Amino acid sequence: MSNNRSPNNPSPQDRPYRLTHDPVFYITAAFFALLTTALPAGLGQPRFLPLIQAVGLTVFLAIPLRRGEIRQSLYVVALWLAVQFVTITALSWLVIGQVERAIPDGFLYRGAMTRWFFDQGPLPSGLAAAPVGRLAETAGVLVGAPATGGLVANWFVVRAINLAGYGMASLLLVLASPAALLAALPLWTLVRVAGYAGLTVLLAEPPLTGNWSPRHIWHDRRTLLLWSVGLVAVGTLLELFLPALWSALFR
């Protein structure tokens with residue numbers, strides 16, 4: 001039997017190694033997402049928590065994005081944010097008193113979440129309650145991603161995830177319903193942040209690759225652009241109409 005292989009079908013040993021195709025890369029990213037969330041949150045560090053998360057996420061995002069590997073970039077961002085959300089939610093549920101120190105005005109935010117759910121008050125940090133903050137968040141993603149290679153945009157993204165997880169845990173601690181997990185889930189925030197994450201990947205690519213061509217974005221990245229904008233729009237619409245129904249349905 002001949003051991004010769006076609007150039008189009010090289011053996012695994014002959015294939016060039018690509019870090020972003022190695023499962024270890026994603027395992028490492030998940031570990032750092034866990035570490036950069038659990039450690040500063042457990043220590044009650046409100047400034048250090050989103051900063052170290054944003055730096056870590058930006059580093060892992062830049063590795064595939066500099067090669068123009070959009071799919072791998074989206075994989076690593078989705079994995080990071082999922083691990084971060086689960087970690088901050090679980091940690092807040094276990095030691096809420098400690099984690100609330102790592103959330104700006106954490107005690108007040110927890111009380112506001114309870115009032116929204118049981119008394120139909122305004123949704124904390126929502127568009128209706130904090131329009132200026134939401135405008136700053138959106139501008140931070142749209143301007144910060146191309147200006148800083150994703151760092152500033154990632155700061156806003158991880159901060160939103162921290163608030164979402166902390167708010168969910170705040171409700172889980174006071175809900176006795178079998179549907180508590182669904183009732184406390186901030187669906188509108190997660191949808192909006194998914195759109196922000198897509199925009200961050202899209203807009204951080206030009207400074208990392210040096211390709212600032214609008215034609216490249218529209219021709220090669222149009223699907224990502226439309227999906228990201230659509231998710232932000234859907235998340236915003238859900239936030240305007242769903243919270244009142246959500247609290248009434250599960251209360």
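A Cβ is built for glycine as well, from the same backbone N, Cα and C atoms used for every other residue.
Database features, via TrEMBL:
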- 24-42: transmembrane segment (TRANSMEM)
- 48-65: transmembrane segment (TRANSMEM)
- 74-96: transmembrane segment (TRANSMEM)
- 139-157: transmembrane segment (TRANSMEM)
- 169-188: transmembrane segment (TRANSMEM)
- 194-212: transmembrane segment (TRANSMEM)
- 224-246: transmembrane segment (TRANSMEM)
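Sequence-distant contacts of the transmembrane segment (224-246) (same chain, at least 6 residues past either end, Cβ-Cβ under 8 Å): 70, 74, 116, 120, 123, 126-128, 138, 183, 187-199, 201-202, 217-218. Against the transmembrane segment (194-212), the recorded stretches 24-42, 48-65, 139-157, 169-188 differ in Cβ pairs under 8 Å, and the greatest number is found for 139-157. When each of 24-42, 48-65, 74-96, 139-157 is checked for Cβ pairs under 8 Å to the transmembrane segment (169-188), 74-96 comes out on top.
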